[in-house]
Amino acid sequence: MRLLQAWIAAVLLSVLGYLLLMQAGWAFPPLRLYGVLTQLLGVPAVFQLVHAVFGLGQGGKIFAFSGVTLLWLGGLTLLGGLQRPLTAGAVTAVLCLLLAPWQTAVGYGVVFAALLWGVARRLTPAGGRVPDPARRSLTGVLAAGAAALAGGGLVALFRQDQTPADEAAPVAGDALPFAVTPVEHFYYVSKNLEIFDPRLNVQDWSLQVGGLVQRPATFRLSDLAQFPAVRQELTLSCISNPVGGPLISNGLWEGFRLADLLRQVGIQPQARYVLWEAADGYTESLPLGQALEPDVLLVTRLNGQPLTQRHGFPLRVLIPGRYGMKQPRWITGIRLSATDKPGYWAERGWSKEARVELMSRIDQPSPDNPQAPAGPGAIRGVAFYGNRPVTRVEVSTDNGQHWQDARLVPPRSRYAWTPWELLWTPAPGTYSLMVRAYSGATVQTPSAREALPEGATGYHQLVVTVS
Ligand SMILES: Nc1nc2c(c(=O)[nH]1)N[C@H]1C(S)=C(S)[C@@H](COP(=O)(O)O)O[C@H]1N2
Ligand SMILES: [Mo]
C-alpha cells in the first residue's frame with residue numbers, strides 16, 4: 001500500500017518537474033543524470049558498444065534515458081514507501097543536490113514530502129486501519145494511471161525514434177540523382193533526446209553578442225535581415241558517421257556572414273576566440289581568425305524554408321570543412337574571449353578541430369539491398385572533403401585489384417559533396433565493390449579507423465549480387 005502511494009507521488013513529482021523544465025527551464029534531475037551518462041560516449045569502447053547495439057539513431061540515448069527514468073522512479077518509490085515523508089523528502093533533496101542547483105533540490109525534497117503526505121492522507125483511512133474497498137480501488141486506479149503515464153512516456157519516446165528522417169538519406173537512385181537532400185531526409189544528430197531539443201519561438205528568441213566586443217548587442221530575428229544575404233550549398237557530416245554511413249547530407253543554406261555581424265558590434269583587440277552558446281547548453285568555439293573567414297555563416301534557412309525546429313530554428317552556425325559537431329544549432333549567444341573553452345563533445349574526448357576527412361561512399365547499388373541486374377547499369381555515389389575539392393574518384397569491382405576512373409559531376413559549390421558515376425555492364429555473379437577519392441595529390445587513406453575521436457577513415461566496400 002505504502003509503496004503504491006509512493007509510486008503515485010513519485011510520478012506526480014516527475015510530471016511536475018517535467019512541466020517546470022519545459023515551461024520555466026528548471027533543471028530536471030533525471031535529465032541531468034542522463035547528461036552525466038552521455039559523458040561515457042567519449043570512452044571508445046562504450047561508444048562502439050552503443051553503436052553496435054543501437055545503430056546510429058537515437059536508440060542508445062533513448063535506452064539510457066529509459067534506464068535513468070526507471071532508476072529515478074524506482075528509487076523515489078522505495079524511498080517514499082519505506083521512509084516517513086519528511087525523511088524521504090530530505091534524502092531526495094540531498095540526492096538532487098548532486099544534479100541540480102540547491103533551490104531546485106530543496107524544491108524537489110519539499111514537494112516530494114508534501115506529495116507523499118497528501119497522497120497518504122487522501123488514500124489511507126484515519127487510525128491506520130485496513131483501508132476500505134473504495135479507497136483500495138482508488139489507490140489501484142491512481143497507481144495504474146501513474147504506470148500508464150510513465151509507460152506511455154517511454155513508449156512515445158521509442159515510437160518517436162522510428163521517424164523516417166533517422167534512416168539513411170537516399171542520394172542516388174533514378175529519381176533523385178545526387179540532389180540536395182530533402183529536409184525530411186536530412187540526417188539528424190543531437191546530444192539531447194529529441195523531445196528535449198529546444199523549441200524556440202520568434203517572440204522570445206534573441207541572440208546576445210558580448211564578451212570582448214566594443215558594443216554588446218542583442219538581435220531579434222528580424223534585426224538579422226540587415227546583413228547582406230548569402231546562399232551556400234554545403235554538405236554536413238557527423239564526425240561519428242562510419243565509413244559508408246548515412247550521417248551526411250547536402251543542403252542549400254541561406255543566412256549571412258558572421259564577419260558582418262562581428263564588424264557591426266566591433267571586436268576588441270584582445271579577442272582571440274568565438275564561443276558559441278546554444279539553447280540546449282551545447283557549446284563550441286572557433287579561433288577568431290577562422291571565424292572571420294567569409295564562408296563562416298549564420299543561417300536561418302535550409303532548402304528554401306526557414307530552418308525546422310530539428311535542424312536549429314531559428315539560427316545555426318555553418319563552418320565549411322568541419323564536422324557537424326563544430327556547428328551549433330539553436331544558437332542564443334556569441335561571446336568573444338581571450339581564452340578558448342572546449343566544446344561539448346571536445347570535453348567528452350572528441351576532436352577539437354573536427355576537420356572533415358576525405359571520404360567516398362557507394363549509394364547505388366544500395367548498401368541496404370546490394371543487388372543489381374545483369375547488363376548495362378551504373379555504380380554511383382558521393383565523395384566529400386569538406387572545403388577541399390575532390391579531383392578524382394576510382395572504383396574497383398574486384399575487391400581492389402583493378403581501379404577505374406569514375407565520372408565526376410562537378411558540385412555546384414566547393415563545400416558540397418561531389419557525385420560520381422561509373423557505367424558498368426556486369427555479368428551475373430558476385431562483385432566486391434570499392435571506392436576511393438583523391439584531392440590533388442592526397443589519396444583517401446585505406447586504413448580503417450573508428451570515428452572516435454577524429455572521424456572514420458577507410459574505403460567503403462560493398463559486396464553486390466548481380467543476377
Ligand atoms: N545546439 C546543438 N547543436 C548541435 C548539436 C547539439 O546536440 N546541440 N549537435 C551537433 C552535431 S554532433 C551534429 S552532427 C550536427 C547535426 O546537425 P543536423 O541534425 O541538423 O544534421 O549538429 C551539431 N550542432
Ligand atoms: Mo555529430
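Using the three backbone atoms N, Cα and C, a Cβ is placed for every residue, glycine included.
Note that TrEMBL annotation is computational and uncurated.
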Stated TrEMBL location of transmembrane segment, expressed as one of 33-55, 171-193: 33-55
Same-chain residue ranges lying at least 6 outside the transmembrane segment (33-55) that approach it to Cβ under 8 Å: 61, 63-65, 68, 71-72, 99, 191, 193, 240, 242, 345, 347-350, 450-453
Helix-strand-coil residue split for the domain 'Moybdenum cofactor oxidoreductase dimerisation' (375-443), DSSP-based: 0 helix, 38 strand, 31 coil
The domain 'Oxidoreductase molybdopterin-binding' (198-345) - residue tally per DSSP class, helix then strand then coil: 21 helix, 58 strand, 69 coil
